[in-house]
Every structure is written in structure tokens, then in C-alpha cells.
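Participant: This is the feature table in TrEMBL:
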type	residues	note
BINDING	Cys138, His140, Glu174, His198, His399	Mn(2+) binding site
DOMAIN	223-316	domain 'Peptidase M20 dimerisation'
SIGNAL	1-18	signal peptide
Amino acid sequence: MAFLKLIFLIFILHSSMPIPISSTPSLNKEVFAQIRPDFLDFAKKLEIMDWMVGIRRKIHENPELGYEEFETSKLIRAELDLMGIPYKYPVAVTGVVGYIGTGKPPFVALRADMDALAMEELVEWEHKSKVPGKMHACGHDAHVAMLLGAAKMLQEHRNDLQGTIVLIFQPAEEGGGGAKKMLDAGALDNVDAIFALHVSTKFPIGVVASRPGPILAATSFFEAVINGKGGHAALPQHTVDPILAASNVIVSLQHLVSREADPLDSQVVSIGKFQGGGAFNVIPDSVTIGGTFRTFSKESFVQLKQRIEEVITKQASVQRCNAKVIFHENSSYPVCFNNKELHEHFRKVAGEMLGVQNVVEAVANMGGEDFAFFSEVIPGLFFFLGMKNETQGPLQSGHSPYYTVNEDVFPYGAALHASLATTYLSENPPKHTSPPEGSFHDEL
């Protein structure tokens with residue numbers, strides 16, 4: 001009898017113990033419908049806002065150029081460690097790739113660029129650049145701060161995620177092809193989609209802009225050395241004038257767009273560099289010119305590149321000179337193309353958070369962005385985050401030594417990052433198997 005009582009007591013105790021909860025994610029669309037609006041409220045909390053601002057200002061004071069972002073990367077890794085987010089480092093020299101969620105499909109990526117520009121900051125304020133000749137004049141410091149802000153929110157919901165969010169902290173966006181190097185290093189292996197934002201002085205704070213299809217152009221730079229025969233300007237018959245040849249080359253290059261391109265196919269050829277000679281009365285031996293060309297299609301890009309080389313070399317030969325053309329492949333970007341389905345996803349998510357009236361159609365422009373390397377191989381969505389506030393005065397455009405960031409925009413960027421990624425995971429089933437098991441924290 002005593003034995004039966006003991007068995008009964010064990011059964012009662014076992015029944016009252018908590019049942020282990022599976023680590024398998026179970027978050028559904030209804031739950032996310034409640035969480036998603038809270039991302040913005042959370043990001044607007046004073047302690048979160050101050051934390052993001054503090055990170056941005058630390059980075060701003062210590063700008064680093066492409067593939068030199070060692071201190072920026074160190075700061076990012078320290079914050080990820082504090083949040084308990086695993087990561088891989090180094091990726092493409094200084095890049096960091098973090099992981100939040102199950103470690104299994106589906107995988108969706110969020111990207112922030114880290115590098116600064118080689119220019120002197122002329123804004124006088126408490127957190128001005130401490131490094132002569134270097135400045136965060138394009139908002140990449142803000143991009144890092146907002147992605148870390150998103151990471152903090154996402155990490156709180158890591159057990160609810162239906163897949164994995166990949167955090168891409170990318171080096172060398174400004175002409176160094178950092179996105180290409182991260183691709184080559186496998187940063188987007190198994191990733192199904194990627195999102196990125198860029199702060200913009202064109203739109204008011206609380207407004208976002210994007211468009212399906214091409215949003216930014218394929219771009220490249222070229223340089224040409226035109227060689228002739230120098231001599232005294234009073235005796236031009238004894239010279240072969242490379243300045244005259246270069247002048248004819250520049251005029252002829254403009255005909256490529258005006259006379260050869262379809263008027264409905266946007267193309268640009270611009271010369272920004274002309275160097276030759278050092279005296280008023282001496283014809284130099286050589287002249288160097290340089291410029292950029294941009295298109296909205298891969299076919300036009302290849303054709304224009306070919307014609308630029310032909311025009312330079314053959315037009316130089318007409319003037320008895322010879323020319324060598326160099327294309328700067330490391331500074332060449334493909335067309336930045338927005339996936340149609342991801343654009344609809346963006347419009348829906350941003351509209352629910354900000355109001356549909358604050359989600360506007362961006363106008364495609366001839367600027368370049370190396371996010372294009374990502375969107376060339378997987379579905380991608382690039383959008384602009386407005387930060388203009390008329391009451392605070394005008395903001396200078398990017399790449400200006402007087403460029404400033406309206407830090408009030410940070411909650412919007414962080415919340416949109418988090419919302420776009422979590423909603424994507426909840427609405428897209430796995431497409432492939434997960435990568436091999438193993439620790440993500442791979443610092444070398």
C-alpha cells in the first residue's frame with residue numbers, strides 16, 4: 001500500500017512540473033501584427049535613442065576609409081558581444097556578419113556600410129572628426145548605429161523568429177567594392193533576400209522612398225593618357241599637341257550620348273579631370289583626362305564602355321597622338337535593382353508603420369551604390385530614409401564637408417530594419433536546407 005502511495009506521489013509531482021518549451025520558433029503573422037508597430041515605440045525610448053546616438057558619434061569622431069575600418073569593426077563586435085549575438089569576423093578584411101534567430105532557413109539580410117570619405121570636415125561641433133582629412137560625409141556612421149539598434153530589438157525576439165536574420169556590416173562602399181568582396185567571402189550564402197537603407201536629405205523625417213526596378217545606375221570611372229610631342233608654343237609645327245587631341249576627344253565623347261544612345265535609355269558620360277602642361281608657352285608631351293560613365297542597363301553599360309575606348313584612341317590618332325585608356329574596375333558598380341516583390345513588401349511594412357502617405361516613389365538617379373552587387377545575385381531592396389526637418393534648417397547633401405545627420409531619424413531606420421526582416425521571415429517558408437552546424441562567432 002505504501003508503495004502505491006509513493007508511485008502516486010511521484011506521478012503528482014511529475015504532472016505539476018513545467019513542460020519544456022521547444023526552441024522551434026512559433027511566431028505567426030497575428031503575433032507579428034502586434035509586435036511590428038512596437039518596434040518604433042521601442043526605438044524611440046530615450047535610453048535606446050541615446051545609445052544609438054552615442055554609437056554614431058563615436059564612429060563619427062574616428063572615421064576610417066575603406067578596408068581600414070578596424071576600430072569601427074571593433075566597436076560593432078563589442079556591441080554584438082554585449083547583446084549575445086554571434087558573428088563572423090573578419091569578412092572582407094574588416095566586415096562583420098552577425099546572426100539572430102534559429103540559425104536555419106529562411107535567411108534574410110540587413111546591410112549597413114561602415115566606411116568614411118577622404119575629406120576634411122568643416123562642421124564645427126562637439127563630435128567633429130578627430131582624424132585630419134577623413135570624414136563621415138555620407139551617413140555611414142548613422143547606418144551602423146541604426147542597424148545595431150535593430151539588432152538590439154531583434155535579439156529580444158530571437159526565440160520567436162521563424163528563421164535567421166543576417167546582419168551585414170560592410171566595408172568599403174565608397175569605391176572599394178566592399179559588397180563584392182563580401183559576396184566572394186560567402187557573406188550571403190543561403191540568404192534569400194537583403195534590405196538596405198540610406199539616409200537622405202531630400203525627404204522629410206518619417207518619409208521613406210523607393211521604387212521597383214532600377215533605382216541607381218551602373219557606374220564606372222576611366223582615365224586616359226594622351227601622348228604627343230611637346231615643344232615651344234611659338235613653334236607648333238614642331239610639336240604633336242596632346243591638348244588639342246584631348247579637347248577633340250572630350251567633344252567626341254559627348255556625342256556618344258547625344259547621337260548614339262536611345263533618348264529613352266538614360267546614359268551619362270562626364271569628364272571631370274584634365275591635367276596637362278605647366279607653362280603658358282609650352283606644349284606638353286602628354287595630357288591625362290578622366291571621367292565617369294553611367295547607364296541603367298547592363299547592355300548599355302558594355303556598349304558605352306567599348307565606345308569610350310574607341311573614341312579616345314581613334315580620335316587621338318586623328319591628331320597624330322596615341323592614347324591608353326584605363327578603366328577602374330574596382331570602382332565599377334552594376335545597376336542597383338530593386339526586386340518587385342520586395343518593393344511591395346517594403347511598401348506594406350513601411351505603410352503600416354509610418355502611414356501610406358509617407359511611403360513615396362523615388363525617382364531613379366544616375367548615382368551609384370555598391371549594394372548593387374548584392375541585388376545582382378539575390379533579391380534586394382534599397383530605400384531612402386528621409387531626415388529633413390525644415391525647423392532645423394537645411395541639410396547639406398552627401399559628400400559635402402558641411403554634411404550633417406539629423407539623429408532624430410534613428411528610431412525610424414532601426415524599426416524599419418527590424419520590421420522588414422521579421423515580417424519577411426514570417427511570410428516566407430524555407431527554400432533550402434540550413435548550413436552545417438557550428439559556432440558563428442569566428443573571430444580570427
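Heads up, residue numbers simply count up from 1 along the chain you see.
Cβ atoms are placed via backbone N, Cα and C, with glycine included.
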Participant: Average the per-residue pLDDT over the domain 'Peptidase M20 dimerisation' (223-316) and send me the rounded value.
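Facilitator: Here the mean pLDDT over the domain 'Peptidase M20 dimerisation' (223-316) amounts to 97.
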Participant: Sequence gap of 6 or more, C-beta under 8 Å: which same-chain residues meet both conditions with respect to His198 (Mn(2+) binding site)?
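Facilitator: Result: Gly139, His143, Glu369, Phe382, Phe383, Phe384, Leu385.
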Participant: When you average the Cβ positions of Cys138, His140, Glu174, His198, His399 for the Mn(2+) site, which other residues in that chain have a Cβ within 8 Å of that mean position?
Facilitator: Asp113, Asp115, Leu117, His136, Ala137, Gly139, Glu173, Gly398
Participant: What's the number of neighbouring CB atoms sitting within 10 A of the CB on His140 (Mn(2+) binding site)?
Facilitator: 28
Participant: Could you tell me how many residues in the domain 'Peptidase M20 dimerisation' (223-316) are helical, how many are strand and how many are coil under DSSP?
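Facilitator: Across the domain 'Peptidase M20 dimerisation' (223-316), the residues distribute as 41 helix, 30 strand, 23 coil.
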